[in-house]
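Written out below as structure tokens is the structure these notes cover.
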Amino acid sequence: MSKPPPKPVKPGQVKVFRALYTFEPRTPDELYFEEGDIIYITDMSDTNWWKGTSKGRTGLIPSNYVAEQAESIDNPLHEAAKRGNLSWLRECLDNRVGVNGLDKAGSTALYWACHGGHKDIVEMLFTQPNIELNQQNKLGDTALHAAAWKGYADIVQLLLAKGARTDLRNIEKKLAFDMATNAACASLLKKKQGTDAVRTLSNAEDYLDDEDSD
């Protein structure tokens, strides 16, 4: 009876390491990597041999080598987003690193991309179908709060076009509009809030009209 095929790894369950030393394979199945390479571990079901990918190549790595000779990267997508490193971010996504993972502050990679003003990173993250726009971190801030506070009107515009909520308050009870540090951001947010308010009022009037017609 043949072994069942391994289950595909779920996004977010990928472990990421940076190699501290070069590893020379002894068999064709093993993965070659050099010092400084990023390794994405996708299968740890065998305690001795883990399956990993580096630079687009996939192979086996002795688990003890990874444990002893590699440095764990806890939030690679966040690191790529903070640095504005588009190629690393794309590599993380290609290797199924979870797009909505939270760091110790409760922030997403999208939050850090907006905080740093990295428009190309934001656009790349927006290509992910399950991207969470409105995640609030431990301070209650969303990606929209970060973009408004840092004064990146182009990113505020992107977030609003994607459907980011303007009515979420952080733990200081501040909306993204309250955090805006320049007129361009404030204007975009005020306009969107006004549109949303009109839409809500219109919906309420429709509801009342329906009741009247009963």
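Residue 1 is the first one shown; counting continues down the chain.
The backbone N, Cα and C atoms fix where each Cβ goes, and this holds for glycine too.
Remember, it's a predicted structure, so these values are computed and weren't measured experimentally.
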Candidate annotated as phosphoserine in Swiss-Prot, where the set is S45, S63, S202: S202
Selected residue, Swiss-Prot feature phosphothreonine, from candidates T47, T53, T58, T200: T200
